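Residues or ranges marked as repeat 'Filamin' by TrEMBL: 32-79, 79-170, 167-257, 260-351, 376-449, 452-544, 546-639, 641-732, 769-864.
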Amino acid sequence: MSNNPTMPWPWNTNPSLLAQYQTSPHKMAAVPSGLRPEIKDNADGSIRVEYSPVAGGRHEVQMCYEGSAVEGSPFSCLVDKVDGGYVTAFGGGLDGGMSGQMTTFTITAKAGTLKDVSIAIEGPTKTDFKRKDNSDRCDVSFMPMTPGLYNIVIKYKGKEIKGSPFQSKVSGEGRKRSQLSLANSSDYSLDVLEPDIVDLAGHLKTPSGATEPIILKKLADGHLGLASFTPHQKGEYRVQVYRNEKHIKGSPFSINVGDGEIAHASKVKVSGPTTEALANQSNVLKIDTSTAGYGGLSMVIEGPHRSEIDCVASENRQYEIHYSPHEPGIYILNIRFADEHVIGSPFLLNVVGDPSGRIRETITKQMVQAEPVKKGDHCEFLLKIPGTNPFDMEASVTDGDGCTELCEIMDEDDYHYRMNFTPQMTGTHILSIKHKGMHISGSPFIYSVGQLSSGGSHKVQVGGPGVERGEVTVSNDFNIYTREAGAGELCVSLEGPCNANIKLEERPHGFLGISYFVKKPGMYGIHVKFNDEHIPSSPFMVNIAPDSGATRKVTVHALKDRGLSVDKPATFTVSFNGATGSIHSCVRTPSGAHEDCFLQEMDTGLYAVRFIPKENGVHYVDVKLNDHHIPDSPFALMVGSTAADPAMLHAHGEGLETGKCGTKNKFVVRTVGSGSGFLAVYIDGPSKAALSCKEVDEGYEFSYSPFAPGKYLINIKYSNIAIAGSPYAAVITASGGSGSGRKPLQVNEQTSMVVETMEKKHGGKSVKRMRGDASKVQARGAGLKKIRTNQVQTFSIDTKEAGSAMLFVAMCDPKGIPEPELTVKKNGPTQFTVSYKCHEIGEHTLMVKWGDEDIPGSPFILST
């Protein structure tokens, strides 16, 4: 008989649609030669695929549209041979579903024989189902009300068909999803040195001739590489990489993909607890992808409560994953490789053990739409900023033209500050609030004059010490700003080891104050939702310390928070003053890295703390005694002569609001007048995106091409501080081409890029930057060893492996006067000869730089 399922299709079909029939290698023998599905166009936006199986077992139909897999492909079904015909069963309901939601599957059989097919569903609770017979097709729907394992028994004339009973793993209603995505399992090195990925763009040409956007990244070894490289076809792939529309060195790159490189989720090896786990304890999974080809690895745990997931070890594409569910219950563990489930996934996970005893307290507040203000109106902010000195506070507002004016600050009781300003134009304004020259937590804020923005949960801003650290029996405070989010219900929950006393302080103009008191130390989660959606970064995990009586004794001395320089040590001392315990210190850099500081005991209860900054911008130094912050920790330190001020940045462009799959969606980040620092862009959504950047006169233009439609959050940070208005919500729709054919992923994927910006001034033009690796420059020759007066001496320089940069050679005599008789001759693309003649006797200094850095050995000290 023929199996003739009708597949709904979202686009008009054409001959570019390809269906390929195959059987699973784990279920049956190879496919007979010449067997191929027949595709029929129904002329109504749908297609019909017909194939005639000749053997029982699991069958798959892989469907491609213009070279990319369609959503849901490969389509899988089980075929059983009965009385000269076949019975098949397929559909998502045979694998799993969600409690409280309708789940379906389909059975097909020879016309007139469906009356001999019986169905039974057994599970944690009695479940009714509905079946609808139509000729050779039976559609079954059921709604499981309890999470757990359901057995679906399908019989033909009293005998179970092949594959029955089917195990359907149902997760709970209102489940919490915790996820981990590991991208380095799909990284591919192009073996070319490109230290700077600004102005790089490219695409990938598959063996079938299709063109796809690519994600370029700088690998850990400094080489340029492809991220999320997941080949699905054997053959030669061509990678074309451009800078300023010109091929870089080595482009186009050729990648030959064989069976060993194609992603095979079935070859991923998983060991560890996949059926039963312990609550509130570390459960260790070992995942080996070394023989599975190139593909991204993701892990998602769905269940009644959150779970902590972390990758502890990674070596040779083998991973050690630790996960810890918060509470006992039934969870669903999904492990996917290259967007396909590994063997056995999804796993039904029975989590046992004692409950955590965590208690949640919640308060809600209905926020009304803020009244719009006009230019010339009086505007007012009211904030509570504990631990500050009113003499060190400053506030300023910047309008859309970049004009900045100081605000009036009024000091009120209990660390409350009232800021007043009068806008002189309509549009978006940026409010900066600083303490000792550093932005307070949550600053800068966005303030719309005139028409308000569209709003949404991503427009809610939270800041304050209460979402970073806390202490028992004292008030822990933070601020919530909802003016730009519009009308909706704000919900604040505190979950932890004990009951929390939460107080809400209502303030005008969209600001709220939250204070909470707890009696037990431990880890607490602060959940902030707006219209039942988590705001960005929620939940905030806060470590509440016990009574810090001893910690309050600790003091810091000789801490310099200005005038620090890159690559020069910053030191200060910590005095215990009679306190006891162990001390720990780390620094958070502008690019988001965490590095431990060097500690040395100078005397009893006296320690020296030292670290060497590698970046310009604001660094935050944590100093803890017995894992508890000492007073005023973390300390903000300014490194570099020019501060990178995120309040001076502005992002604009259609790509921040809308876009299409498979096309370049653009936006510009304006950095004029903001100094130099690290600019980071993070794009979170249903899929990764090909992200590229190029330098323009006013800043940097970013282009991204998502692979799946949906909502994407674009977070822009400068020196690790979110700029005003960030994150932005972009709605991406499907379009023609390879991007629209991708099936949406079940995990939230992140694409990121970090750019070290150059200082730009108003009216200035962008300058092409050329960077290389000075450590790879080779210099050799007699002229580097000893000087012979009044004789011409030479040495050679080879920059073959050092990338692109400018070569600087200079020499001074013992009096510090430049030597006039020095020449540099280019002998080849990367070969140079340096000649010089010295007349003075004494010590000479020879300096050779590649870009801004000295080559190995430079400066050379040469004597006559």
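Note that Cβ sites are derived from N, Cα and C of the backbone, with glycine treated the same way.
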The repeat 'Filamin' (79-170) touching the repeat 'Filamin' (641-732) per 3+ Cβ pairs under 8 Å rule
no
Report yes or no: does the repeat 'Filamin' (167-257) come within contact of the repeat 'Filamin' (769-864), defined as 3 or more CB pairs under 8 Å with a sequence separation of 6 or more?
yes
Across the repeat 'Filamin' (79-170), what does the mean pLDDT come to, as a whole number?
83
Check the repeat 'Filamin' (376-449) against the repeat 'Filamin' (260-351) for contact, please; criterion is three or more CB pairs under 8 Å, pairs 6 or more apart in sequence.
no
Looking only at the repeat 'Filamin' (452-544), what are its DSSP counts of helix, strand and coil residues?
9 helix, 49 strand, 35 coil
Mind checking how the repeat 'Filamin' (376-449) divides into helix, strand and coil residues in DSSP?
3 helix, 41 strand, 30 coil
Reduced to three DSSP states, the repeat 'Filamin' (260-351) has 3 helix, 52 strand, 37 coil
By DSSP, how many residues in the repeat 'Filamin' (79-170) are helix, how many strand, and how many coil?
6 helix, 53 strand, 33 coil
